[in-house]
Amino acid sequence: MHIYKVGGAVRDRLLGRPVSDIDWLVVGATVEEMLAKGYRPVGADFPVFLHPKTGEEYALARTERKSGRGYGGFTFHASPDVTLEEDLIRRDLTINAMAEDEAGTVYDPYHGKDDLDQRLLRHVSPAFAEDPLRVLRVARFAARYAPLGFRVADETLELMRQISASGELQALTAERSWKEIERALMEARPQVFFQVLGACGALHELLPELVDDTQALAALEQAAAHEQPLHVRWACLLRGLAPAPIKTVNQRLKAPRECQELALLTGECLAQGNQAQELPATALLELLQKFDVYRRPQRFEDFIVVCEMAALGDGKSSYPQADYLRGAAAAARAVDVKPLVQAGLTGQALGEALKRERLKAVEAYKRS
């Protein structure tokens, strides 16, 4: 029974990057032996166990073969006679197919260290093409390691083109696709993810609305550079789409509600935001009301940030509309409802009076 660190922990240590999660591989053990040592089984599809003290995952060495369509169409075989090399060859990239034993010796049968040195994302074997999810994973790794100069190897990009052309990407569930997109959006260079998908034809299959949309990627690049949260990055990515296709994309990928909401509001209101100073007071107040700046001020602030990231992505050095919009929102929020209530107004009459007072406040702000 031999235990190895595998995958990302080995890769990131060799790159000098922080190691967060550690995956462990057990070679030469049976399920019964693992149970006898106190490991707790958690794997539904293949033998994975939790360490009795650390809670970290330990997987038995296994092989796999294609048995159906999509990322889930595999049959696994785990037994004590599966070797380290047989387990590592089923992995996606050479830089993820290294192992390290308890003495610190690195096992690298597929030359992952060479590809780390050459800054290449290269597939381990032709079996790479059997799992369509790997197209998204490789694009995500390209986004993560772009600051270090990594690129996708030509032969791997060609395999990704073949997968995209095969229709296998259509077998991915919305949940799996979104999980990869979500993680990619939060990488250092998220625009690279979509550039790689575009280069291999996968973007046309998964997000045809974004094909050749360089402005969207420029806005996303700015959002990442300014360390914006997920929903802001998503809205930046969809900034150039009309409301109808934004709804289509949101529904197709089952994006989280916060992402859907901000992206759709941006699609509906980006033009007004960009023309904020020219809007009449009534239109400016309608914009504030649409975002419910009184109860949900952060949502309007997020919208302003999306507008700003889009402007910076378009090459503008600043976005003066941002402070103008914030000032208008502050003026409308400053209106005190108490005098209206004390005057005996209720219901619809109160709402209409409050709106009139807010309009006066916005008009005064515009004159200031």
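Keep in mind that glycine also has a Cβ here, set from the backbone N, Cα and C atoms.
Here the structure is a predicted model, which means the values were calculated and not measured.
According to Swiss-Prot, the protein has these features:
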BINDING   Gly8, Arg11, Arg91, Arg137, Arg140  CTP binding site
BINDING   Gly8, Arg11, Arg91, Arg137, Arg140  ATP binding site
BINDING   Asp21, Asp23  Mg(2+) binding site
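The residues near the CTP site, meaning same-chain residues not in Gly8, Arg11, Arg91, Arg137, Arg140 whose C-beta sits within 8 angstroms of the mean position of the site's C-beta atoms, are Gly7, Asp92, Leu93, Ile95, Asn96, Phe141, in sequence order. Pairwise Cα distances among Gly8, Arg11, Arg91, Arg137, Arg140, which the record gives as the binders of ATP, peak at 16 Å. Cα distances from Asp21 (Mg(2+) binding site) to the binding-site residues Gly8, Arg11, Arg91, Arg137, Arg140 are smallest for Gly8. Cα-Cα distance from Arg91 (CTP binding site) to Asp23 (Mg(2+) binding site): 13 Å (rounded to the nearest whole number).
Note: the CA-CA distance between Arg137 (CTP binding site) and Asp23 (Mg(2+) binding site) rounds to 17 Å.
Proximity of Asp23 (Mg(2+) binding site) to non-local residues of its own chain (separation of 6 or more, Cβ distance below 8 Å) is seen for Lys5, Val6, Gly7, Gly8, Ala9, Glu57, Ala59, given in sequence order. Following the DSSP three-state reduction, the secondary structure of Asp23 (Mg(2+) binding site) is strand. Cβ neighbours within 10 Å of Arg137 (CTP binding site), excluding its own Cβ and spanning all shown chains: 18.
Within the same chain, the residues at least 6 positions away from Arg11 (CTP binding site) whose Cβ sits under 8 Å from its Cβ are Ile95, Asn96, Met98, Gly112, Leu116, listed in sequence order.
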